[in-house]
Structure formats: C-alpha cells, structure tokens
Amino acid sequence: MKNSIISYPRIGANRELKFAIEKYFKNQSSKEELLKSAKDLRIRHWQEIQKAGIDFIPSNDFSLYDNVLDAAVLFNIVHTKYKNLNLDALDEYFAQSRGYQGENGDVTALAMKKWFNTNYHYLVPECDNADIIALTGDKIFKEYLEAKELGIESKPVLIGIFTLFKLIAFKDEKTQKLAKEKLLNAYIELFDKLNELKVTWLELDEPYLVYDLSKEDIALFEEFYQELLNHKKDLKILLQSYFGDLRDIYPKLLESKFDALGLDFIEGKQSLALIQKYGFAKDKILFAGLINGKNIYANDYAKSLKLIKELQKYTQNIVLNTSCSLLHVPYSTEFESKLDSSYLKLFAFAKEKLQELKDLKEILNSSEENPLFRANQELFKNIPERLDEKVKARLKALKKEDFTRTPSFKERALIQKEFLKLPLLPTTTIGSFPQSADVRSNRLAFKQEKISAQNYTEFNQQKIKECIQIQEEIGLDVLVHGEFERNDMVEYFGENLKGFLFTQNGWVQSYGTRCVKPPVIWGDVSRTKPITLAWSKFAQSLSQKIVKGMLTGPVTILNWSFPREDISLKESTEQIALAIRDEVLDLENAGIKIIQIDEAALREKLPLRKSDWHSEYLDWAIPAFNLVHSGVKAKTQIHTHMCYSEFSDILKEIDAMDADVISFEASRSNLSLLDTLKAIRFKTEVGPGVYDIHSPRVPSVEELSLTIEKILNKLPKEQIWINPDCGLKTRAYEEVIASLKNLVTATQKIREQL
C-alpha cells in the first residue's frame, strides 16, 4: 500500500511566500531574490513531504499567484493586451494577476472566480488569439528537475486539458475552435518532453468532471483524451478528480487508457456506490481520496480502514490519497501554542495530514492491530463540550413568520425613500478602509495585552474620525466607519461569539498573496454581548450623514470557517443567524438607519450539481439570511454584499433574500451580470461595483462615467447605487482617495445629465 497527496500549501509555514511577493511588488527586493525565496520554499516543502513518508510527491503544485494562470502561461494563453505591455515574463504574469498601470500601459487584471466550491479564487485565462497557443513555458519541467536534484522522483501536477479549456474565456467561437486544436497539440508536446525527461507519473487534475456533464462535455473530454493518451508512451497518467464524484463519466473512464483514477471519497457522495455498481479496472490504480483536504478535523482511522476494506473487494491496486489539494487547510498545528490540547489533538492541518497518510499506510501494511490505530481511536474519547441547551431551545421555538420580513419590498422602498432622503445614484463604499501597519500593530498590542482597552479604543476612534472626515471631504452619500477593529470580516465575529475556536497561525491562501485565518466552529453558537454596537454608535455621532452598520451574514461566517462535522450545516447556520439577528436589532434600536449584512460567500457552498442546489443548500441558506433581518422596521434599510462569484443563475434566489439593496463584485466580469438582472426584473436595488479594488490601478473619471452609463443602459436609475466592487482594506490610502474622488466626480457628472 502506497500513499500520495494531490498538492501542498505553497504559502509556507509562516506565509513566507506572501511576504516575499509583496516585497517585490513594493520594489523592496529583486526578481532574483523573489525567485530564490520561492525555490527555497519548494525545497523545504518537498523535503517535509519526503520525510513524512509520502510515496507520490507532487511537483508543479507551487505557484507565485495561481495555478490556473500558471497552466495558461505554460501554453501561452495570454491576452494581447498583456503581451502589448512588453514586460518580461514575470511582470507580465503579475500584470495578468493584478493589472498594470505604468509607463508601458494601463490594463486591468484578469477576472477572478471562486475555485469550484472553495474559498480559493483562480484567475480566468483570456484568449483573444488562439494562433499563439503552444508549449512555451518551462515551469513544470524546471520544478520536476529541482525535485530530482534532491533525489525525489516527483509526480508533476497540472490542470487537465478538459478543465483548462472549460475555464478559459474565449473571444469568440472561431477562437475557441482553433484553441481546441492548438491546446491539444501543446499537451501532446508536453507529454513528449516529459517522456524525454523520463518522468514516471503525470497527474492531470480534472475537477470539471464532477459537475453535471452534458453530452457535449463528455464528447469533448473523450475527443481530447482519446488523442492525448495515444501519445503517453512510457508516461503514466493519473486522472485526478476532487470536490465530488464522477457519476456522469465513470463507466467510460474504466475503459480508457488512463493508468490511474483519483476519486474523492469525502465529497464524492456516489464514489463508493459507482465502484460497487461498475467495479474497478484491473489495469488501473485507484488513488483513494480519504483524507479530507478541506477540513481540519483529525481523520478517524476506523472509518478510513472500513472504506479501504470495502474498496479492496474490487481492487488491490490502491494508493491512499487526499480528497483534494491541501492548500485549503493551514500548514501545521505545531505553531498553535494557545489552543488547549484537548482541542488541538483533534485537528490535522496539512503537515499532520501527511502523518495520517503515513499512519494509515503503516497500519494497512502491518498484520496485527497497530498501536497507531489505538492511539488514533483514543483521540475521540473525552471530547470537550459542544452543546448549549439554550441555543437548541431557541432554534426549536422558531416559527415560519421568523423567516419573513414585512411589509413587502415595494412598500418598504417608498417608506425608506421618504425616511432616508438619499439622492439619485447614491454613492457609498462596501465597508472596510485601508488597514495600515499602525492599525494592525495596535490590534496586536491589544491582543497581547501590551496596551489597555481604553488605549485600543481611543486609537480606533481616532481612525474612525479620520475615515469619516475623508469620506465627507470626498462627498460620499452613505458612509462607513472603516472596520479598524476587525482583522477579518469572519474571524472578528467568531471571536465575539460563543462556540468558536481560533488559531494563531492557521493561514489559508484565498487568492494571490491574500491569506485568511478561518475560525473553527466547535460548539453551539450564541451571542453573549453586543459586538459592533459601540463602534457604530460612535461613528454615527460624528456625521450628519448616514453611517452604515456593518455585519457579516451567517452563511458567509459558516462558509469561511471550518465547520462542525457532528451537526448539519443548516443547524450551524441557523444558530449563527440568531446571534447576528440580535446584533441587527441592537443596531436598529441605537438609531442606525442602514445595516449591511454581508453575504460575500453565499455561492461558495452551492453544490456543484444543479439538481442539489435547492435541497442541499439554498432551501436553508436563503431563509437563514431572512431570519437575520426579518425583525427590523420597514424604514430600516438592509444592505448585503456579494463578491468573487458568478450569480446570474441564482439571482431569483438572491432576490428572495429580501434585502433592500445589494452590491455585487461585478467589475472584473465586465458587468455581464446586468443583462440577467434586467431579464429577470430583479427587484432589489443594486450597486454592481464600478471598479476593481483587487488591483492597485486608479480608474479615471472617464472610465467610471462610461461604467455608470453602461449600468444606466441596463437598469432603472432609481434602482442603482454607485460603489467600488469590494472592501478597501487591502489598498493604500492614496489609491483609495484618488479612486473614490473620481467615483464621486463621475457620479455627479452623470446626475447632472439625468
């Protein structure tokens, strides 16, 4: 019995990659220094994986920004606008990820989307010229040879041709048609080069196969691989899937020329049933994904061994594997000195998951009952308390009317118009303002008890004053307090709710250099005291203008945390919803007229198969949001915000959330959402996001005016809000002020024309 992992976190044990790249972005280090830091990290990771006794060690899973972009660059799928900048390869790569504004030109970044049902974001490759598609990159070969120098025969990992092709945004059908042929030839050339290097195994990741596949999808997949696998020669090919099962194509895969199939037995609801029904091919190896790559709880070896024993009825050729890449979990629990050992023993981050794979291999390769098995089973005895009877009773007492807001949206809109007295095209921001080093160090000093609560509060109040003043000088209509007290929109609420646990170093990559530290939902959730009330009241006291109350919604808190596995996601979300509802009512009672409840991650846990959307997710996720705000008065305006996702196919459900205003992250996708909003007669007022905050470039007044005009061509002027597409926390003040001034100027210019 051997073991394997799909891929490993690339940010480093202490986010070394993030800091090295950011240093380069700030011109504080050279290209050579950045590339050396990256290589050092790769070497460290390989040695760690090797030391842990993993047989199939991945290479090419490392990335300076995003592995989808890496695959696109490998095959020269680069839009002409980036080529025309005439930058060197590394800076062209970063121009695609972040945009570019400088002496060589001014271009926006590639669109960013959620990676399937995770909180990782990938960059959408753009192809306007298929003629140039060819194997021009060498990253995959270089990194294989780097590992080889360490004495490691690695398994290069690459996104498969079918998934990559499906993720590319093509200029038109003609470009797409030519790209299909060119990309196939490029992958064939890749196979040839890997054969020349005498590579043993290549892992091709095809997560797109876990979606509902059409006949056309299956035909395209077969067309690609029937040709491609004829060129594999001595190269062994592992087809790796994750985030679901392969029910639409599994029987065909058994007859294919793949040497191994990687199946997900954590999220793949039908993976085992498919094997029980169709068996497994004698000429193939099964890479069994039984270590959860997306959650941080320790593996129960009894359950894993039971699964392996069942699989062994159908094949003896089994490799123990992770269910998906380990980049979705933190690096290691060894940096957690503050968490009580009674909790910590039940957690397994990436490094500990390597140990679990090693243990399981050893247990399966030994004949008698192994002490490793007994030690694992002991972990699950005497678990700390998770239940709260008061929370259970409150959930039980919920009635149907608790999930419905009255009066109707139409009636509320008239009442709010009279009450709020906002101009046409009201301007606002999404919530957070830049968090400079002094804001972060003030928060850290307070956490480490180096300063008093009074000092901490006074510092933040001064920052709020400055933030309100900046917004008033710029001329925004609805203000925010800036969220200087918050490290992260989810972690902050988790820290102030009962039922959550927190790590010191549990960082996970969200996109590029952005890392998040998800809380752990351990027990039943409740609010013991107001969370944001004092900050909101203070901010509102500073201005005659409306200052929004800012909260994170229950679905986002759930989706951006590591969830419990002992109760349903529905129950966990409803518990959080009741806690946030208490906060909403406190804000309203304090005179806060607009309350924003962000559901940035609503789409994130949407099942990948459409048939499961309602029964497994939307039927409880939307009501959970309704539960949060159903108790407010008609004159209180409820806002929500969503980002990084495609929403066009669930807009009716979003409308059913019954918020009064919703802001979307739509600027990176060229406002394509607007046509759907218009088509379905979306009732909620909308702020589509007029510029991309993930890029350091400052949009001009002309550019913003054109964007606003584009929105006005699609939606009634009474329905539109003008705002950036996301929070401003990660940007510098000079970019923010310049961008917002241009936003207000453009809006005023358009108002005059109306």
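Residue numbering: from 1, along the chain as shown.
From the backbone N, Cα and C atoms, a Cβ is placed for every residue, glycine too.
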Among TRP201, TRP560, TRP721, the candidate listed by Swiss-Prot alongside ARG15, GLU16, LEU17, LYS18, LYS114, ARG514, CYS515, GLU604 for 5-methyltetrahydropteroyltri-L-glutamate is TRP560
Among GLU378, GLU483, GLU485, GLU653, the candidate listed by Swiss-Prot alongside ILE430, GLY431, SER432, ASP598 for L-methionine is GLU483
GLU604 (5-methyltetrahydropteroyltri-L-glutamate binding site) and CYS643 (Zn(2+) binding site), compared by Cα position, are separated in whole Å by 10
Simplified DSSP label at LEU17 (5-methyltetrahydropteroyltri-L-glutamate binding site) comes out helix
Row HIS694 (active site, proton donor), column other C-beta within 10 angstroms, all chains, value 23
One residue among the binding-site residues LEU17, ILE430, CYS515, CYS726 has the fewest other C-beta atoms within 10 A of its C-beta, namely CYS515
Those recorded positions from ARG15, LEU17, LYS114, CYS643, HIS694, CYS726 that fall inside 10 A of GLY431 (L-homocysteine binding site) by CA distance are CYS726
Among the binding-site residues listed as ARG15, LYS114, CYS515, CYS643, GLU665, CYS726, within 10 angstroms of SER432 (L-homocysteine binding site) by C-alpha we get CYS726
Quick note, GLU483 (L-homocysteine binding site): same-chain residues at least 6 apart with CB under 8 Å of its CB -> GLY431, SER432, PHE433, MET489, MET550, GLY727, LYS729
